[in-house]
């Protein structure tokens, strides 16, 4: 009878869903909690403040900008989950974002800065400087800063300039006593703080102390040198965040590379979506003018009590970390993979058995070696790879270029539409083409987000295929910071699937046949819907239905509704969702059998793992895809099964360890709010630290 009652519930009820944007802000709040956590090393807390700022910048440039575009276009339809119109979403975002930024500045000013001072790291303002320090700073300004600055006067002939996205600016009110008429005596000048100059200027100080002054403090103090003949009456600091969402019209685009290069130039000058103003020295006349010229409303304006643009704290972290090792995380070195010895040949090992890699606990080097060794191997005929985000000096790109120069058939899909990596990827696409690689840009109207490499080798007259599949990017830099899985196999069916997949990307093929791969936008959603339905059937028959799903974000309504159906049927569902989660757990007759946790800690949880008990058969899939509508419909994604029994047991044990985390885990309640998990055991379990310890133990055991 309970099930009938559950089925009578309307699963479209907006009370059962979290709004996507507000859920994302709740995730960024968890990032901010890491800055507030006194158990974290002090400089790491500084870095989390910077990450929070960087995340929020992108959120305004893309998500808030998109909602503002909808409002401007007169679109007022409520979104399909929580039922909020674009206008309501913007109102709620403004309230939450103002509150979070206030907490951020309070954390920085009243907790982190005083703690840094106790360590001998101190921010000084111009008024705090000694005579010797003032002389040093004036000379530094004259020689290093002044030649780079461009003072811009605002008058009838020189209108308010178009200021760069995310640039820090000084609005200077000037007084001209020589003017006869009072109304002509006040002038306005704008000075952009150059982003290429060092933001933190280290001052001469005694002993081991590190005292610094901010670049904008120095420029503000010497503004009179830029506007000679005028009296400086005020200097107001402000920063603009602009709409940076690219509009790419792929229909009829003969050269996508050129279209994207053209659009990238516009990104710097989009409409203002946020105005940040420094509270100290604020001039109300300047503020009124900024409102007018930028066309912003009260909810778009953030008056902050401290330095603007705290993303800059990352550069301070990098400057101080080598000098204050006790204030950063202890070094943890990725270990040789469990399935691959230190010096073993990755291809020969893959012929023996499948290889599972768990980064950053296990080294990313075998993935680099996989491509590099293929480039050097005279028996290798072809290398095919998808690239979404790569590092600035990528060893994988270098290996692909070498392979092409050696005459191998090298095909690289470079995703030009990877947000905020477009410029980088345009650069790599050109370099790869010049080296002789066959570069493709993917499928029209879809982002290729899948992570796959195929190596084709002819040995002793036989063709062999080796495949690497991953949950994360081919990026050796982020592989040290993101948790991800990689999988290397020589199984014939996987090789055939990889060949068919690349032919689909490069040719006019419709959906190919796959033995093991599921590919979005074709069938990943359908596959997971079927798997959940099977779990419901098994639960009704045997009472042992159990699903674990780990991902970055969960927003897809059909899949959320299917999970609600599983909960109503009694299936136990445990979700590890780091970021946005539109599903609400613990609602009677809807989701009381669902638990949602989020782990935010030292490493960014990035792996996508989907586990189905399947009456003891235990099906496990790894994927490049989160359970988001965009991943199901607008991206080329791959989901693949783990077939090896030992590997499945290992992945399940990792999932259970993450679910047992009682240090970095927050749990979502039925109202959509997150709380730290109450530690019910005597042992503190930080899953990320524990996984590193296990990797070290495996190395020692060998």
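Heads up, the Cβ atoms here are built off N, Cα and C, so glycines get one too.
According to Swiss-Prot, the protein has these features:
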- 449: active site, phosphohistidine intermediate (ACT_SITE)
- 55, 482, 578, 606: ATP binding site (BINDING)
- 389, 419: Mg(2+) binding site (BINDING)
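This view paints the features noted in Swiss-Prot onto the structure.
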residue	record	contacts (Cβ under 8 Å, 6+ apart)
55	ATP binding site	28, 31
389	Mg(2+) binding site	418, 421, 424, 425, 473, 475, 478
449	active site, phosphohistidine intermediate	388, 415, 624, 625, 631, 635, 636, 637
482	ATP binding site	359, 360, 472, 603, 604, 605, 606
578	ATP binding site	27, 551, 552, 553, 598, 599, 600, 604, 605, 606
Cβ-centroid neighbours of ATP site 55, 482, 578, 606, 8 Å, sequence order: 552, 579, 604, 605
Least surrounded among the binding-site residues, given as 419, 606, when other CB atoms within 10 Å are counted: 419
Maximal Cα-Cα distance (Å) across residues annotated as binding ATP, namely 55, 482, 578, 606: 16
Secondary structure at residue 482 (ATP binding site), reduced by DSSP to three states: strand
